[in-house]
Amino acid sequence: MSKFIEPSSEDIKIEQLYKDMGLSDEEYAKVCDILGREPNFTEIGIFSVMWSEHCSYKHSKPFLTQFPTSGEHVLMGPGEGAGVVDIGDNQAVVFKVESHNHPSAVEPYQGAATGVGGIIRDIVSIGARPINLLNSLRFGELTEKQNRRLLRGVVAGIGGYGNCIGIPTTAGEIEFDDRYDGNPLVNAMCVGIIDHDMVQKGTAKGVGNSVIYVGLKTGRDGIHGATFASEELSEDSESKRPSVQIGDPFVGKKLMEATLEAITFDELVGIQDMGAAGLTSSSSEMAAKGGSGLHLRLEQVPTREQGISPYEMMLSETQERMLLVVEKGTEQKFLDLFDKHELDSAVIGEVTDTDRFVLTYEDEVFADIPVQPLSDEAPVYVLEGTSPEYNETKNDYSSVDVESVFDQLLQHPTIASKRYLYEQYDQQVGANTIVKPGLQASVVRVEGTDKAIASTIDGEARYVFNNPYEGGKIVVAEAYRNLISVGATPLAMTDCLNYGSPEKKEIYQQLADSTKGMAEACEVLSTPVVSGNVSLYNETRETSIFPTPVVGMVGLIDDISYLNHFNPSVGDTLYVVGDTNDDFGGSQIEKLLYGQVNHEFESIDLSQEVRKGESIKQAIREGVASHVQTVGKGGLLLTLARISAHYQLGLQAKLSVTNAQLFSETQGRYIVIVKNGQSLNCDYAVEIGKVTNDQQFKVTNEQSEIVRDVKHLNDLWEGAIPQCMTATD
């Protein structure tokens, strides 16, 4: 008789328990076909997480194949824990972005903290030392108490984990819109550095080689976390707090250092983080990639409490754990290393030649599954999509009250300074951060060299909602411009696709069209996709989030001396690069004045993006530019205001645009500040003004004049979010 009391195979079938785990009738039937029998409780649990949307990408896989994944600098693309890109001198940059949306909606502190911990382990599992963290966040409007609570918890969780483990958080972006009420997006990105010959893979091969577990003891936290992340949020989601993992950054730090030492051992065969789906995904994926079988003896798994069943062990998402495959006979060398770092570890199995994934507990078999079908035969769904109907009524911007709109947009949390939030993050630990949060890209020195890695993270929603294909191109181009703005050469990107339910025709079409646009932009801008993540079913009470693809991009600065002059001063000249048109679809002014965003906008010219980018990058490298800012949310006027407030400098500019166009969000534009006595050599550049010493922000056009004291401007910009967050609940 089994030591554990669990539903029988017959119970699972008759009571349709598989549906509670997220499997359909058809998927259950497919499992039965693969096994040649009805699955037991542990087996159906394993299939349910491996075939969940979060792990299998069953609705998005056809679209992901569009992305270019190879290129001049790519050493390792999708399929491993993170992408690896060459930066010269036998070094590479390793990076990836992941979502932790559903857990953060239920338990914001732990949801965000474990999102940070998980992405760090992805980078470490490749063998890289993390050098910085980034994040992309979305919340509902801060007028709502619930959204303020979520924001506080998420920011505290990000800072709490990153600060404790000793990795600086150097860049990010946050936007606010009521479409994210109760359904925040928390996307975390990590960047690391590695030597070429130290790159590791998550593979299990070599018959007889041993499987070693290391890290926190397994508990019952996070069981079915992958399944939870693959369903819509509902009023019952609060009851799923046990599906949210608990992070321990102090153990995370020990595990990181131990892992980075373990990768120097020649006897290491493969290594993988135990992330989504825990021991199930790490072990079965390693076996599949190695073309091997595995036998795990689950009584050897370190557990936090007695009585944890094989089902619970395999589906637990206890944090701070790694799985290694090491050469037979060298186990003690690794166990001694982990003992030195005060980590629990154990040999829990071995590689076999059976091509079967076998789990036993004290010789009782709890699972016997063919490896390849579990990993490779998850269902893939190609559905029918429908383009949404848009409101074709043309909004009138002919009588815009410039003064009122300017003050309101400057203080909207999406545009306002985020200093109140990012000051909770340690930005300098490691002492290699050159450009800190507040600008569009971070710059971190590659230790011991004159090189630096520039990194940025950028998401787009309203444009993607308005026109998914063009919006997909825009989000890639925005990240590209952010790297150009610090003089970096963009190398490659990672993506996180945040959408609602793909089973709804309009959302499925948004996913299809936006990924097509992203793929096209990647090709033209030479930024292949080397890693990524998909997060679907981001819906609450039948309301879907905006489709929100997020792009993390890295670039190389081959000589950090380029940035020595990067600080504007009085007498410098202002240029705008790129034309301004009537582009209000999806803009901040459209949302402010009309309460909705559903109008078309002009298409983006990707070939122009490349030409402008090369000219601006050259200006930075030649010491001509003292600051570069992409024109983003709120348009030209708000971009100039942010520069003035950020540097506490007066600006005087005259713009050849209408009042409404002051707030237009035409793509492909930059503000370039050029050193006094220099000029900008760029076909698309127009001189518009100067940096002044009178502490006045003054912008004029044919119709209006906006004048603000810089201190007052800064007080409004810096004070907006603190004022929202200290509102009486």
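Each residue, glycine too, has its Cβ placed from N, Cα and C.
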In Swiss-Prot, Y57, D495, G532 are given as binding ATP, so which of K19, K96, K451 is in that site too? K96
Select one of S535, S544, S561: the residue that Swiss-Prot places in the substrate site alongside S99, H100, N101, H102, R121, Q245, E317, T318, Q319. S535
Sequence order is fine: just name those recorded positions in H100, N101, E317, G532 with a Cα within 10 angstroms of D273 (Mg(2+) 2 binding site). none
Which of the binding-site residues S99, R121, D122 has its Cα closest in space to the Cα of D495 (ATP binding site)? S99
Argmin Cα dist to H100 (active site, proton acceptor) over the recorded positions H54, Y57, Q319 returns H54
Compute the centroid of the Cβ atoms of Y57, K96, D495, G532, then list the same-chain residues not in that set whose Cβ lies within 8 Å of it, in sequence order, for the ATP site. L64, P78, V97, T494, C496, L497, V529, S531, N533, V534
With every protein chain in view, how many other Cβ atoms are within 10 Å of the Cβ of D273 (Mg(2+) 2 binding site)? 28
For D122 (Mg(2+) 2 binding site) and S99 (substrate binding site), what Cα-Cα distance in Å is obtained after rounding to a whole number? 13
Can you count the other CB atoms that lie within 10 A of the CB of G532 (ATP binding site)? 25
Taking Cα atoms as reference points, which of the recorded positions H54, Y57, G532, N533 is nearest to S99 (substrate binding site)? N533
Could you tally the C-beta atoms, other than its own, that fall within 10 angstroms of the C-beta of D122 (Mg(2+) 2 binding site)? 27
